[in-house]
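What TrEMBL records for this protein:
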type	residues	note
BINDING	B:Gly30, B:Asp31, B:Asn32, B:Ala33, B:Gln34, B:Gly35, B:Lys36, B:Thr37	ATP binding site
DOMAIN	B:3-355	domain 'RecF/RecN/SMC N-terminal'
Number of protein chains: 2
Amino acid sequence: MRIKELFINNFRNYKSLHIKPKENLNIFIGDNAQGKTNILEAICFLLQGRSFRTSHEKEIINFDSEQSKLKTELKAYNQNYSIDISLSRTKPKIIKINNSTTSKPELATNFGTIVFTPDQLSIIKGSPKERRRFLDLELASFYPQYKYYFVNYQKVLLQRNNLLKELKEKKQADTFDLLELWDNQLISYGAKILMARMEILKKLIPMAQQIHNQITSDKEKLTIRYRSSLNLNSNFREELIYDQFREVILKNRQQDYLKGQTTVGPHRDDLVFLINNKNITDFGSQGQQRTIILTLKFAIINLWSCELNDVPVLLLDDVFFELDSKRQKYIFDLLNKDVQVFITSTGMANTEKNLINIKKNAIFNVRSGLVCEEEL
Amino acid sequence: MRIKELFINNFRNYKSLHIKPKENLNIFIGDNAQGKTNILEAICFLLQGRSFRTSHEKEIINFDSEQSKLKTELKAYNQNYSIDISLSRTKPKIIKINNSTTSKPELATNFGTIVFTPDQLSIIKGSPKERRRFLDLELASFYPQYKYYFVNYQKVLLQRNNLLKELKEKKQADTFDLLELWDNQLISYGAKILMARMEILKKLIPMAQQIHNQITSDKEKLTIRYRSSLNLNSNFREELIYDQFREVILKNRQQDYLKGQTTVGPHRDDLVFLINNKNITDFGSQGQQRTIILTLKFAIINLWSCELNDVPVLLLDDVFFELDSKRQKYIFDLLNKDVQVFITSTGMANTEKNLINIKKNAIFNVRSGLVCEEEL
């Protein structure tokens, strides 16, 4: 995917903006609070139909305006597309692909962007929930059915937990047959979720390890493990996962009853990241944590390229120039190949500017909602 | 407070380290994962008796060792002190001030350090709980009694909530007299907590506003409001707060009973940060959010200087050079006056190096646990 033109109207601090990004790196430099991140937010909005910063979309409309308009001309899957989005204070948002009205899910299925903001360090530092969320969100791009299984699993899980609480209140540990109905559904959706997670990780992990080796000059060995509440066999097949899930569900019924909740299943699993065999959540530095997130994002881009035959646009908000110069150099090399990237930063050292390829890269200076391309 | 010498032994990736920091700025430059943050962690450990990164203290001991030793020679309240801490895999930690064994709370009451890491952006971005935690932790330095009231308030709150749940389960909305006992205690501790928060904010807020004006060259007007679940009168006195708290507790009894929890009190209050009348959590940029946290930290240093007649050491982990150059310059000017600061970063531009005062500042290069002072 390549964004060729971007039009922003009454979006955050922008009254009106038109830019033509370059093929590879597009770097937005400016003081704090000038509107750098707003440009990335607009791109994400155009390609995913939503913001990565807020769910209150009315916040996004410029204070003095009633509505906001976004437009992009882009190339994806070797074809040209135009995407238009209108946001209004009073009416629902309108999304159009090539002038035909469409829905947010359809937009996100067709296009896509990978975002990395400082908040996403919570994938490493946060609770297992954050890591499952990362996995579930990224999976949706590769398995359109995943979201359906996921939503249904959550519904069944809630029903099962409610029943467990009810049984506990009435002290009916002997009437587990009532659980049978929910168990069957839970196991069925759960096995599909686990199967998809296993399949994606089987591809994603080796890619991530290879990229991480490059960025760290082979000095830091990355290991990623899926920590399951089931004894998942490496020889996974859907039927095996199904049987395995059934076995632990039955084994844990008494415990589930006592706790009033379902204690095993994909909703309890986690991802573990190790560098040189040490857990990165406990022992990693800020820079190592940033590097792993970036590695994961690159691996997903690789996966897109293998599975979907195109690559999404990469948005790096205020995270790139905080890496040391060696890591930056490797990443520039990786990026210069085939991805369109939008980076924000408060400044760029001369050593960093030397890495810029004039033909394919651009530096934009951002000041109070005005954007000027720098002469390179 | 001025750290004059620092000795680190078998702490994280340091086998043995001895440095003599300068009076004002001490900047630690190095690639990712070389041990920059570990130095700040050691300083915090020496002055607060705990880490700002982990509560699992055994993690901190170097992998090859059974124990870790930290030592500092410092000047505080115009006197010289030495602090020694020993950490062991098998024995409790030992803290000594001037060779006499002491406890963690006593250490933290006598000395102190202000820490700002990227994680602390959650004071702005996170839940009200994070902002209350910030307030409660910082208050403890100025009101030694605060912690006692706080701990007791939490205990009483838990008891009251348990009783509310019990009443709800037994459907006894008519027996509120049972609550009376807990209510009296809750109101009494709660009023003291609120009183202390009001008093500290009355001093802290104007200081923060003035500092923020300086950093942003008067372009961004900071407003900080205490959003209370009580109607706190600006003319607060402890008895008034007490009466006010009693009034809302009585008024909300029915609601508390229905929800099975206490819906008003200092445990439900929040701090609101506005820039030019817009809420910074929703509308602020990364840089603006960083600036506010830094402003708050400076304001607390000011407050120390007024109330306690000394200033704590300031630790800035990987947050300073992400601010734009204008903000950095103002902060350098502020810092060069009278505070000892330890800053980590992956690099420093020449423009930034020009701000360095050779006599009072030092740059240390950090590489794989080795630290060398740079010739300036």
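For all residues, glycine too, the Cβ spot is worked out from N, Cα and C.
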Same-chain residues at least 6 apart in sequence whose Cβ lies under 8 Å from B:Gly35 (ATP binding site): B:Arg12, B:Asn13, B:Tyr14, B:Val366, B:Ser368, B:Gly369, B:Val371
Number of Cβ atoms other than its own within 10 Å, given for B:Asn32 (ATP binding site): 23
Arithmetic mean of per-residue pLDDT over the domain 'RecF/RecN/SMC N-terminal' (B:3-355): 91
B:Thr37 (ATP binding site) CB neighbourhood, other CB atoms within 10 A: 22
CB within-chain contacts under 8 A for B:Gln34 (ATP binding site), separation at least 6: B:Asn13, B:Val366, B:Arg367, B:Ser368, B:Gly369
Surrounding CB atoms that lie within 10 Å of the CB of B:Asp31 (ATP binding site), all protein chains: 19
Other CB atoms within 10 A, centred on B:Ala33 (ATP binding site): 24
Tertiary neighbours of B:Gly30 (ATP binding site) (same chain, Cβ under 8 Å, six or more apart): B:Lys36, B:Thr344, B:Thr346, B:Asn365, B:Val366, B:Arg367
Number of other Cβ atoms within 10 Å of the Cβ of B:Lys36 (ATP binding site) across all protein chains: 29
